[in-house]
Amino acid sequence: MDNVNQFLQGARLDGRTAALLTGAACGAGALLALVHQVYRHQVAKEKMQRARNRRADGLQRAEEAVLQYKKSRPGTDPALILAMSLSELTNSLQEGLLSPEDVFYSYMEKTLDVNKDLNCCTGILLESFDQLTSVASNKEGLLYGVPVSIKENYSYKNHDCSCGVVVNLEQPAEKDSVIVEVLKRQGAIPFVKTNLPQALLNYDCSNPIYGQSLNPHNLQKTPGGSSGGEGALVGGGGSLLGFGSDVGGSIRIPCSFCGICGLKPTPGRLSSLGIQPIYRGQKSVPSCPGPMARDVDSLALAMQALLCDHMFSLDPTVPPIPFNKQIYQSSKPLRIGYLESDGYTQPSPSMTRGIREVKALLEQAGHTVRRTHTHTRTEGGPLDPCLRPQTKHNIILPQSVQNLWKQHAAVEDYIHETVSEWRRLNIDVLLCPMIGPAFNFDYCGRITSVLSYTILYNLLTFPAGVVPVSTVTAEDEEELRHYEGIFKDHWDKLFKQAVTGGEGLPVAVQCIALPWQDELCLRFMKEVEQLVKQSRK
């Protein structure tokens, strides 16, 4: 016992020694933390490099396959195939006037070329070459022999759904998403995955793994997001039909920026099984998949192909409602609500001109068009300065279950109030502005206020589509010089800067219908598309 006491007495440290040892321990801890951080950073770098290497390898192998095919089929005319609409292409494939091989390799070659300029692809689906050899077994499918592109967050067996986040790399999907399965059953050939922003949390299209995608009409502009890779590839001619997802405008914004058509269906109309979100369980503003293409007929054919018994069987939570061609093909005059501004962000001059021109065309065609009010409850009086940042930027996150229920109840009330207002106005559909033209880089993450034009219809669960109707003129650019916005604040100045330099870029409008009336939304989009084409002639 005496020995123990002597040891304990000897172990007593003076203050200076204790301080030195404590400092050393803290220093060692800090060093350990730094080493761990460096190690994690190195692991992330290596994972990203492996992902880039996989992409480069896939692109190279696809390029070699294209060259080999072209040597074996020197008489094939890719330009003729690439110029066809989807309906023309499917008819030619069904009738045997074109082979699936010629179509596949024509689009594969075009995609490889477009990607070199726009950096819009995250990987070639090399399994598509094998699927091509057996596609004849699905010749009765509505999309027989059609190559299709899919956003990176769509599950495809043995391929990552990273959502642009490093931690999600090297976790390949165990099976195809429901939409991919149905597309294959309908004879389509998914052949490439496309880029998106990091964590899907932006309406630009850049992430640390695959980099920044570019706009097909102007390399100094963003293609939009989050389905920006799809927008760029379809807009650049590398894909005839693509599939994205939309939680706040993520299909519609890239379509507007890249000059193509897109549909955000009613949430739940198409299966979302196997489409990866960055956060699961977010129900207040539902995300939904949808098609993106050059024209409205292609969107309608895609919806018709997906809304089939096979989808309803694979995902019983999807209401078994087939596509209603009678509504889509109707020529009955429409009662159209017309909204020129949402009261938060003043539209750019090209947005305003585009919607006014379409309004005039619709009226000339015999449709009833009546002006509607914005969806805010602060109309009829001044907006207090303290509310401006909140109405334009604040996202309220419920802090308790009770608050979450209150938020859900408020959303339900708002949906029913809006539907009642439509009934009172006696309108079938709504025409409203679409964000545009394409932004300069580094502005999408700084301007959330403008998303009120798109995210509102995610909140309301209304189907919403985008149709290109014009291009930015020199006069639009001149008028933009005098743009001040509604509040003349920092956000209005940023929006002006974001859209500056857009001459020649696409201008779009947005077409809205009530929930579960996706066919009517498409029919309205088709009407707009046809009237614009006729006016150009």
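Cβ coordinates are placed from backbone N, Cα and C, and glycine is handled just like the others.
TrEMBL entries are annotated by machine, without manual review.
Within its own chain, Lys151 (active site, charge relay system) has Lys193, Thr194, Leu196, Ser226, Ser227, Gly229, Glu230, Gly242, Phe243, Gly244, Ser245 as residues 6 or more apart in sequence whose C-beta sits under 8 angstroms from its own. Among the features that TrEMBL reports, active site, charge relay system is placed at Lys151 (among others).
For Ser226 (among others), the entry in TrEMBL reads active site, charge relay system. Other Cβ atoms within 10 Å of the Cβ of Ser226 (active site, charge relay system), summed over all protein chains shown, number 36.
Summarising the annotation, TrEMBL assigns active site, acyl-ester intermediate to Ser250. Counting Cβ atoms from all protein chains shown, Ser250 (active site, acyl-ester intermediate) has 31 others lying within 10 Å of its own Cβ.
Look at TrEMBL and you will find Leu200, Ser226, Val247, Gly248, Gly249, Ser250 tagged as substrate binding site.
For the domain 'Amidase' (106-372), the mean pLDDT of the prediction comes to 97. Taken from TrEMBL, the feature domain 'Amidase' applies to 106-372 (among others).
The annotation domain 'Amidase' is assigned in TrEMBL to 391-522 (among others).
Taken from TrEMBL, the feature transmembrane segment covers 20-39.
Cβ packing within 10 Å was compared across the binding-site residues Leu200, Val247, and the lowest neighbour count falls to Val247. The least crowded of the binding-site residues Gly248, Gly249, judged by other CB atoms within 10 A of its own CB, is Gly248. Under DSSP, the residues of the domain 'Amidase' (391-522) split into helix, strand and coil as follows: 61 helix, 22 strand, 49 coil. Neighbours of the substrate site: apart from Leu200, Ser226, Val247, Gly248, Gly249, Ser250, residues of the same chain with C-beta atoms within 8 angstroms of the site's C-beta centroid are Tyr203, Gly225, Ser227, Ser245, Asp246, Ile251, Ile253, Ser287.
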